[in-house]
Amino acid sequence: MRHLGAFLFLLGVLGALTDICEIPEVDIQLVEKLGQRLLPWMDRLSRDHLNPSVYVGLRLSSVQGGTKEKLYLRSLKLDYQQCLPGSAFSENDGDCQAKPSMGRLSLYLLALRANCEFARGRKGDRLISQLKRFLEDENRAIGHNHKGHPHTSYYQYGLGILALCVHRKRIHDNLVGKLLYAVEHDHPLHQSHFSVDTAAMAGLAFTCLKRSNFNSDQRQRITMAIRTVQEKILKAQTPEGYFGNVYSTPLALQLLMTSPMSGAKLGTACLKAKVALLASLQDGAFQNALMISQLLPVLNHKTYVDLISPDCLAPRVMLEPATTTLPQIQVPETISVTLQVLSLLRPYRQAIPVLAGSSLEDVLKKAHELGGFTGSSDHAASSCGREKGPGPRSFKGLPVAVASR
C-alpha cells in the first residue's frame, strides 16, 4: 500500500512539473467573423490570388465555406497540377510561365492532406518529386560545411519537410540534418534577431517527423531541437504577450500546442498570448489572409501537425457572408512593390506583387514565397499602399527601401 501511495505521489509531482499549452474556448461568433474575412479571397480564383494556406486554415478550423471551399480546392488542383513541370499542360499553357515556388507547392500539399488526400498516382508523384528537388537544391546551396544559405529561407525549408512528412514520405537524413544543424547553431537567427515564425515552422516539421517515427537515427537530435525552439520562442514573448509579434504568434502557438514541457510555465505563457491575440482581433489587426489562416486552427485547438491524420468528418459551422460590407473585408487590387535590402551579403532588389494596403510584413512573406529572399518577417510593420516614391523601412537593423507602383 505504501508503494502505491509513493507511486501516486510521484505521478502527481511529474504532472505538476509538466505543463501544456491549452487555448480555452473562444466565442464562436468571433471565430465566424474571422472566417468571414477569408470569404472574399475565396472568390478570387485567378493564379495571382490562389493561396493554399486559405484552404488549409479553413479545413483545420471550426467553420467552413461550403461550396466556395470545394470550388477553391478544385481551382487549386487545376492550377498546381497543370503548371507543374512535366505535366501535359505546362509546356503549352502560356499562363504557366510562373511555376509554383517551393513554399507554395508545400502549402498545396498541406491543402491536399487537409482534404484527407494523399499525393498519389502520376500527378502526385510529380508533386512529391518536384518538392524533393527543391529541397535538394536548397541542401546544395547550404553546403556540406553549412556555411551557405538556402535560396529561399529556412522557413520554406522547414515547410517543405513538413509537407513531405504529412504525406508520409520519408526524407533523407541529410536533408533533415541541415535543418537540425540550423536550429542547433542558431542559423534561423539573422543579425542577432530571433525569427519566431522560422523556428516555429522548423519545430512543427520536427514534431511531425517524431510522431511519424521517421529518421530514427536522428531521433534524439530531433527531440532536442523541438525543445530548443520551444524554449527560444517562450523567451521571445513580449510584455504584451506576443511571441515575437502579433503576426508570428499564431504559428508559435501551433508549435507550443503540440508538445508538453516540464518546468516551463508553458500554460501561463499561452494564456497570456491568447489574451493578447483577442485584444488584437478586436482592434482589427488580422486582415491578411495568411495570418488568419494560421490563427483559425489555433482557435480550434488544431495545428499543421494534425494533418498527419486529419479529421475530415468533424462538424464545422457554415459561414455566411457578412451582413454589412466592411472596409477590412473588401478585396483590394494587386499592385507591384519594389523591395530593396541594402545591407545583406547579397543585396536584394525585387518587384513583389501584393494586394493594395498590404503591410511590410505581407511584402516580406511574399518575397519569401517567390524565392531568393532569406530574411525573416517577424517584426515588420507599416503599411505600403499606393505611396508616391520610395520610403525607408527598418528590417532587423537593416536599411530596407520599399516603393510601390
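In case you wondered, yes, glycine gets a Cβ from its N, Cα and C as well.
Quantities reported herein were computed from a predicted structural model and do not represent experimental measurements.
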Selected from CYS165, CYS270: TrEMBL disulphide partner of CYS208: CYS165
Record TrEMBL, residue CYS21, disulfide partner from CYS270, CYS312, CYS384: CYS270
Max CA-CA distance, Å, over listed cyanocob(III)alamin-binding residues THR152, SER153, TYR154, TYR155, GLN156, ASP197, ASN245, GLN294: 22
Number of other Cβ atoms within 10 Å of the Cβ of GLN294 (cyanocob(III)alamin binding site) across all protein chains: 27
Count of other CB atoms lying within 10 Å of the CB belonging to CYS21 (disulfide bond): 26
Disulfide-bonded residues (CYS165, CYS208, CYS270), the one with most neighbouring Cβ atoms at 10 Å: CYS165
Pairwise Cα distance for CYS165 (disulfide bond)/GLN156 (cyanocob(III)alamin binding site) [Å, integer]: 14
